[in-house]
Amino acid sequence: MTMAAEEVTGRRRGHPLLQGRRRERYTHGLHPAQMDALRAMCGALIPSLLPVVDRLHGGADDDHDGRGDQQMAGASKDDLERFYLASAAGGTIPHEVAELVTRCVWEAVVLVKIVLWILTTKVGTFALCGRLCVTSKFPYVCKFADMPVERREEVLKRWNRARWPLKITFVVIKILCHYAFYTMVNENSEKPCWKAIGYNIPELDEPRGGGTTEARPSSPRPLDAGVVETRGLNDTTLLRSLEDKGVAVTTQQDDTWSAHHHTVRCDAVIVGSGCGGGVAAAVLSAAGHKVIVVEKGDYFTAADYTSIEGPSMDRLYEKGGIFCSTNVTTALFAGTTVGGGSAVNWSASIRTPETVTREWAVEHGLPVFASPEYARAMDAVCARLAVTDGCREEGFQNKIIRRGCEALGLKADAVPRNSSEAHFCGSCHLGCPTGDKRGTDTTWLADSVSRGVVILTGCKAERVVLESCKPGRNGRRKKCVGLLATCSGDGGITKKLIRIEAKVSIAACGALMTPPLLRNSGLKNRHIGRNLHLHPVSMAWGYFPPENKLMIAGKCYEGGIITSMHRVTDRTIVETPALGPGCFASLVPWESGRDMKDRMRRYARTAHAFALVRDRGAGQVDGEGRVRYTPSKDDVHELRDGLRRTLRILVAAGATEVGTHRSDGLRLRCNGSELLSTRLLAQKLTPMVLRWWRHTYLGSGVRGCTLGRMSVRSGVPT
């Protein structure tokens, strides 16, 4: 953003948009009676509890007294009491949950609103809650909001075991309520309950893990010379800013358009500034072409990033990170900022395996991927991103993966990263605050801006412009002459149309956003949006008490995100995720309000690992924000085997308790090395990895517009 990061009295350094702030108004549209029902649900999910003396010392475990938890967290007795007494029914949290609901698929939004409305009546409450809403006073039935919190909690337990639609309602509210509760910060960008769970954000003024100065951009804001931030501009200042960047602009109004618009002319326009768009901009500008990059996200730099989960997810990810498939079983993450996914990736920079390049060459008729040219291209990419193969010091979760593999006699490989070997930052998924990690925003886009490329931020491509032409040898009767985009000017209050006329138009907005753009433009190829592959993951967790005999120092959010991996099969690998308190609480199974707070008390020492599968089944992008995806039977089998291996690794590493994200909360206590027996461990772990609707899969779009030589199989012919 144009406002440089600066110290604000009483607040953490970084850009104001990434520090967290109260909403000035809410637009969720829920009736006050519906809000009462939602507030009651939030209060049952995260209730105010009287602290139990044993739990103040972490005594939720049979195998240790838990004093080490308190020492590791640095939490006082007052911190723990404050944590257990806190409730999600207080303050503006229910309104924040209501706002987050509006980001879900429309079916889920409608369902939640209907259920909340039913709960505003006594008859409706009786229909959904049964005898639990019966009282001894006339009329002997009460509304959901008037039920005691213990009974409301029992209702939610039933819904958790129910089928659609109550199951969907429970899942949506449970996820969003916990996410809002653990990510909302005060005016000082702090959360009081963080101390109780052992979480803190390192001060940005302190160095975070060394790194080399060579990997950092020469300028703190290397793209300022080419960036036009449209969100803060009105009609006049937008026109002036474009002209100042050397862009030819005219203002027109004719019968073709419903309103007057600016027309911009250039040689090439690129939609998206991530790995595809950034490289294309650099190559075309190096050839002497005038290039404009359209990016709907904002421009942030290392000095802007705060590592505060809530506001960072909101500004750096599609739908603020609240993006899921239409069946609400798969959460999706896609970067929406200058640099795209490269700005928020987990640093892993793995080359395309030879088995995959051969498949692309043979099955899709694309021999270039099996050629030496493609290998040299990967070499060039790794060199420009300063990819390193080693890691000087691994973080808590990766140490566990490596130790577990060693105990089982399995191989743990080092993961190449687009950062230095000394990079010890667990916040790169929220933008790397050290500037050590390299993305397109600090490499190819910086190169292209130095050659005159203009980047329009806060600017959304609506559709490409097609015009009729004489049929050529390829038989096509239309050609692309540019695109139509909208800019959110005056701080998002107004929208301005921009027509960008170009000789070449490139759609590089990712597997999830490119198909809607092409379809909105009138393209009819039935393969557009199909063949979507997400590389789904399924997670397991293990708890490692601080005083465990096999002591592994650290906390789950410290250190490089992915530095070690284990390959289970050619299609399945085991790695570690980045989970802040909000994402952690959203994914962890809810059994009761007290159990959930006990789980969160152990956050810092709960390690997660996931099995990632190269899926053979495919999903489909039906429109913007609408993704249909369910893993195939074969993919589920791979995930199951990978999850079983992941659990074995956690047990071998010394976990005292392991589990998955099954919503029934099934977990296994590990009280001895006898569990390492393959047969016994398989018997214990098998129930955790059975085919179960209640698993939540995570994924990121990796392919959605298939390339190929034949249009009968490809969305984009070559």
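First residue shown is number 1, and so on along the chain.
The backbone N, Cα and C atoms fix where each Cβ goes, and this holds for glycine too.
No curator has checked TrEMBL annotations; they are predicted automatically.
The range from 1-23, 47-69, 622-644 that TrEMBL describes as region 'Disordered' is residues 1-23.
Per-site Cβ counts within 10 Å over the binding-site residues Gly274, Gly276, Gly278 peak at Gly278. Sequence-distant neighbours of Ile270 (FAD binding site) (same chain, 6+ residues apart, CB-CB distance under 8 A): Gly277, Ala280, Ala281, Leu284, Val291, Ile292, Val293, Val294, Ser505, Ile506, Ala508. Within the same chain, the residues at least 6 positions away from Ala268 (FAD binding site) whose Cβ sits under 8 Å from its Cβ are Ala280, Leu284, His289, Lys290, Val291, Ile292, Ala502, Lys503, Val504, Ser505, Ile506, listed in sequence order. Averaged across the domain 'FAD-dependent oxidoreductase 2 FAD-binding' (267-301), pLDDT in this predicted model comes to 97. The C-beta environment of Cys266 (FAD binding site), restricted to residues of the same chain at least 6 apart in sequence and closer than 8 Å, consists of Val247, Ala248, Lys290, Val291, Ile292, Val454, Ile500, Glu501, Ala502.
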